[in-house]
Amino acid sequence: MTTSLRPAPFGRVLTAMVTPFTADGALDLDGAARLATYLVDHGNDGLVISGTTGESPTTTDDEKERLLRAVLDAVGDRATVVAGVGTNDTRHTIELAQRAEKAGAHGLLVVTPYYSKPPQAGLLAHFRQVADATGLPVMLYDIPGRTGTAIEPETMVRLAEHERIVAVKDAKGDFEASSWVLARTDLAYYSGDDKNTLPLLAIGAVGVVGVPTHVFGTQTGAMIAAYLRGDVDGALALHRQLLPVFTGFFRTQGVILAKAALRLAGLPGGPVRPPLVDATAEQVARLREDMAAAGFTEFAEGAEERRG
């Protein structure tokens, strides 16, 4: 038996890709191209560039465009490349969206405006204006724990009426609200919290925008594929296998440990930019244990000692 799901407009397994930096904090475009290639070769059919895990608050508009172009050049013919363009300023978000479209992005990730905590009418206007500004499909990003404002279910239903608002990255953790919206719209839901991927699939989601997928993309894809073909027991077994990294990557800010995991795997990532700080030796040691518990074996020699 197969499980029937709505279409997945951006793919099934997307990684919220880190932005690689050199040891002195400069943008590492060669590293970004290598990392994007690795991700697509290892189970990802989509990438999100300049999202939260991409440290978008600390990259300039020009850096975002250069990064996007480098990733598109590397894998744009093999994977969906989604540009994170969300800010807390509608005009700035529109500018970033238009630059991303011109650069060749396949879609846009637009986070709820943060800090200013707009009312639902403000969210409606913001997302509609951004969606009107380009011809690209839009994935809304609902993460009230970071932004301070949730997209209420009724607002989500109204936003779904826009022809270019086609998906949601759901990091709200409210399964009742997600179920309510899924029952009333054609929006494609993507889990924005790795540990909730399988539960969200069970209520109609189509995939994940993940962080552990930097090194566990193949296994995450296998979990989703098992569920889609009706092998719920197989999907559950993979979910349980991956739980150590689904939770372990988030003992501190996800990008900090994502970059530590990339170092452990010998992959490009480099340091984080301030005000974030790199993982401590203790955090890296625990992360290595988590990765090993989830089945990862390809640790780079001496990776714990390397920085950048």
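Each Cβ is built from the backbone N, Cα and C atoms, and glycine gets one as well.
What Swiss-Prot lists as site 'Part of a proton relay during catalysis' is T52, Y115, and the listing cites sequence analysis. For T53, V209, the entry in Swiss-Prot reads pyruvate binding site, with the evidence type sequence analysis. Annotated active site, proton donor/acceptor per Swiss-Prot: Y141, in sequence order. What Swiss-Prot lists as active site, schiff-base intermediate with substrate is K169, and the listing cites sequence analysis.
Taking the Cα of Y141 (active site, proton donor/acceptor) as the reference point, the closest of the recorded positions T53, Y115, K169, V209 is K169.
Around the residue listed as 'active site, schiff-base intermediate with substrate', the C-beta neighbours below 8 angstroms that are at least 6 residues distant in the chain are L109, M139, L140, Y141, D142, I143, Y190, S191, G192, V209. Each residue contributes its Cα atom, and for T53 (pyruvate binding site) and Y115 (site 'Part of a proton relay during catalysis') these two points are 18 Å apart. Just so you know, of the recorded positions Y115, Y141, the Cβ with the fewest other Cβ atoms around it within 10 Å is the one at Y115. Annotation for T52 (site 'Part of a proton relay during catalysis'): spatial neighbours A16, G84, V111, I143, R146, G254, V255, criterion Cβ-Cβ under 8 Å with sequence separation of six or more. Counting other CB atoms no more than 10 Å from each candidate's CB, the binding-site residues T53, V209 peak at V209.
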